[in-house]
Ligand SMILES: Nc1ncnc2c1ncn2[C@@H]1O[C@H](COP(=O)(O)OP(=O)(O)O)[C@@H](O)[C@H]1O
Ligand SMILES: [Mg+2]
């Protein structure tokens with residue numbers, strides 16, 4: 001047993017020394033390998049973090065949102081609906097909400113306008129997210145101008161800038177008073193953007209939603225869990241696309257690895273021949289090739305995953321941010337909350353290490369079965 | 001089909017591995033047909049070299065299989081919220097009819113690959129390749145299972161439809177639905193624990209008898225198979241509720257989650273190691289009379305028994321911990 | 001100690017370029033004796049050394065090592081016998097470039113799983129036998145021809161084999177170094193090693209070291225002489 005361990009240790013030592021002796025070749029292999037792992041890890045970490053972000057946002061989201069829908073299009077909902085819906089059994093409260101988006105043509109960015117339920121800003125003032133503050137170069141006390149639904153210019157004083165760190169969610173946020181909101185959006189008194197319900201018993205979500213649909217056929221209740229599922233499908237799909245792309249990169253890499261491993265240089269063939277001639281057996285060479293694969297894979301995996309982590313959680317995913325989030329100018333350097341999951345690491349392992357190993361088995365075996373008497377001549 | 005990265009990963013590697021193993025099994029058939037140890041011809045040399053390729057492929061397969069078993073569960077767990085009603089891996093696995101068969105086959109194939117490698121190891125101790133035909137015929141028998149697993153997994157993934165309403169582990173194991181799973185789950189917990197320890201003690205006795213007097217190899221191997229089933233049932237019916245501290249939560253997968261300190265990994269790993277090595281003892285038993293193995297085989301079997309009993313002890317201790325320290329009492 | 005019975009070796013059997021390198025070669029070697037394989041280039045000396053040294057298998061015939069037939073052993077067992085019983089000194093020294101002399105000497109012992117410290121101590125001692133202790137940490141490509149060969153000899157000895165096999169050992173050496181090599185062989189013989197040397201160099205085959213000279217011609221034994 002101890003002999004077996006010492007044997008493996010010797011072979012490992014020899015393998016590492018051999019890899020270091022061929023710095024150029026090893027370096028190229030590790031570099032390409034790392035790049036593939038890095039791309040894949042970045043994509044997966046990014047998708048996962050976005051999903052987490054969405055989950056966090058939705059955690060505080062209302063259990064059921066009711067929108068009004070006329071001929072399949074969104075429409076503001078009359079406030080009276082709130083009272084009637086609030087009486088449905090299972091619904092503990094129903095509250096109208098005012099919010100919307102504002103497209104700023106100058107900076108070509110979308111802002112989210114929200115009238116908070118509590119602590120509304122005083123009329124004439126707004127609270128803005130850090131993204132907007134940077135984009136419009138606005139500080140507390142400054143005036144910011146907007147164009148209302150009727151084309152009239154509106155101007156508000158910045159009361160406060162929301163702290164950074166809340167990430168994606170608050171960067172584009174504008175908190176506004178109800179009066180200003182109505183002036184800007186043109187939604188008349190007595191109507192709201194949508195209604196939010198609190199329903200305590202999760203089992204009743206579906207029943208409540210059904211009852212609302214029956215009683216108010218022009219409404220569309222949206223259950224939170226459904227949104228979560230939609231988000232999930234979306235992120236997974238995007239993650240999947242990136243994975244497919246990286247898979248292609250991986251394939252190219254496998255071909256590269258195959259080429260590297262099959263195209264044993266004359267020097268290496270000679271070396272393996274010598275090893276066999278002086279008393280190494282086929283399985284010793286296979287063990288050596290195994291350690292070689294482990295060393296290369298482990299290094300590349302560790303490097304790639306670390307770089308991917310830094311890229312996503314420190315570097316603002318500068319490589320993918322544009323692709324995955326839509327070209328929003330508002331999030332130049334947001335920080336995602338670090339979140340890594342074992343499944344993700346396993347997926348990377350399987351997407352990269354397994355193809356690499358499988359593609360090197362046969363070449364390694366070829367190398368290992370070189371005739372020991374080949375070096376006699 | 002859901003384009004989840006982990007699903008892609010599992011699928012790609014399953015297809016790759018299945019291809020490799022089938023390829024290796026084809027080599028194996030060539031070896032069975034043309035093997036002639038007495039010949040010094042180059043064909044024979046080539047065949048002997050191919051044996052190295054086949055065993056290398058199988059070793060890699062075994063390692064990947066182990067990771068894939070856990071990654072499969074982990075992934076099923078992490079995508080469960082895509083399905084209405086699912087709350088953990090159980091929900092995902094019941095989305096269609098291929099989930100559980102895939103998982104079961106992954107487990108079986110892990111055992112088969114492990115057993116094959118044990119046989120292969122034994123064969124390599126004999127100077128005249130005594131088991132070469134047995135071993136490759138066996139490989140030809142098990143290779144279709146490996147391919148079948150890749151096929152079932154593909155069907156499972158292709159038929160993952162997010163619109164299907166599935167059930168969570170609570171519903172699956174609730175007394176209202178009567179099936180094998182519920183029978184296991186609702187087995188009275190303390191007797192179940194007794195059966196687990198009883199079967200553990202029997203294993204210990206059988207193993208001890210083998211170590212001392214070299215008898216009962218078949219018994220030990222068979223007992224390990226039975227014990228594997230008992231142990232899995234006990235994990236579901238007793239160990240999980242104690243660990244979750246919820247009398248009705250019986251899920252065998254949630255114990256792999258970080259909330260439970262990844263407790264399931266060492267638990268299942270020790271059980272799997274114990275089962276493979278223990279069953280390996282029985283598998284080797286018929287070959288003890290082969291002349292070239294007469295010396296090495298008993299020693300190898302004894303080593304397997306020791307490893308098996310050691311891993312089994314770890315498993316039983318791990319099972320006991322939650323029972324001792326849980327806030328829950330099922331008495 | 002080693003008996004070869006009707007050894008035949010055919011390369012590329014069954015193909016149009018089939019070539020019979022050895023036919024019906026038989027001989028016996030005694031322990032502690034020195035045997036010289038003599039013959040022109042292409043006569044099959046190297047092929048025979050490979051077969052006797054368990055590196056290759058004969059197409060026909062049988063080889064016995066200490067009464068045990070080793071002809072059709074699996075590679076795993078053949079290798080085990082080879083590394084414990086035979087030390088090879090190759091025509092091209094076949095040292096691994098980029099590694100030190102010491103590491104080169106240790107390589108044959110790696111698969112045996114000896115403790116590293118113990119192995120290193122033995123390797124240094126073996127190098128010291130050949131006045132190479134000072135060169136232990138030198139990369140082999142910086143060694144002179146004579147030093148390189150002595151490292152190759154040290155490597156052949158590291159697993160303490162009973163038989164030393166050398167193929168054309170003097171082919172790359174000048175007269176002085178050839179004589180130095182023969183002196184080392186004499187020492188090894190005195191230490192009780194069995195030597196098998198293949199050469200077409202008179203310095204080797206006319207040496208008084210030889211107990212037996214086997215002459216090969218076109219793959220067959222053309223003559224075998226025992227010396228007193
Ligand atoms: N692998 C091989 N394939 C075909 N022919 C070979 C091979 N190895 C050696 N030979 C041939 O066998 C003959 C004997 O070679 P060898 O044993 O090297 O002779 P020597 O060592 O006496 O010079 C040579 O004619 C050589 O060309
Ligand atoms: Mg020659």
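Heads up, the Cβ atoms here are built off N, Cα and C, so glycines get one too.
Note: TrEMBL annotation is automatic and uncurated.
Long-range neighbours of the transmembrane segment (B:12-32) within the same chain, counting only residues 6 or more positions beyond its ends whose Cβ lies under 8 Å from a Cβ of the stretch, are 47, 50-51, 53-54, 57-58, 60-61, 64-65, 68, 132-133, 135-137, 139-140, 143, 146-147, 149-150, 153-154. Here TrEMBL flags B:12-32 (among others) as transmembrane segment.
The annotation transmembrane segment is assigned in TrEMBL to B:52-72 (among others).
Residues annotated as transmembrane segment in TrEMBL: B:79-98 (among others).
Packing against the transmembrane segment (B:104-122) from elsewhere in the chain are residues 55, 58-59, 61-62, 65-66, 68-69, 72, 131, 134-135, 138-139, 142, 145-146, 148-149, 152, 272, 275-277, 279-280, 283-284, 287, 293, 296-297, 300, 304: each is 6 or more residues past its ends and has a CB under 8 Å from a CB in it. Marked as transmembrane segment by TrEMBL: B:104-122 (among others).
Sequence-distant contacts of the transmembrane segment (B:134-157) (same chain, at least 6 residues past either end, Cβ-Cβ under 8 Å): 1-2, 7, 10-11, 14-15, 17-18, 21-22, 24-25, 28-29, 31-32, 54, 58, 61, 72, 96, 98-99, 101-102, 105-106, 108-109, 112-113, 116, 119-120, 123, 287. Positions annotated as transmembrane segment by TrEMBL: B:134-157 (among others).
Residues or ranges marked as transmembrane segment by TrEMBL: B:190-211 (among others).
What TrEMBL records for B:218-243 (among others) is transmembrane segment.
The transmembrane segment annotation in TrEMBL covers B:263-284 (among others).
The transmembrane segment annotation in TrEMBL covers B:304-328 (among others). Counting residues 6+ beyond its ends, the transmembrane segment (B:304-328) has Cβ neighbours under 8 Å at 118, 193, 196-197, 200, 203-204, 207, 210-211, 220, 224, 227, 231, 234-235, 238-239, 241-243, 245-247, 263, 266-267, 270-271, 273-275, 277-278, 280-281, 284 in the same chain.
Against the transmembrane segment (B:263-284), stretch B:218-243 shows more Cβ pairs under 8 Å than any other of B:52-72, B:190-211, B:218-243.
Here the transmembrane segment (B:190-211) does not touch the transmembrane segment (B:52-72). Their Cβ atoms form fewer than 3 pairs under 8 Å, with each pair 6 or more residues apart.
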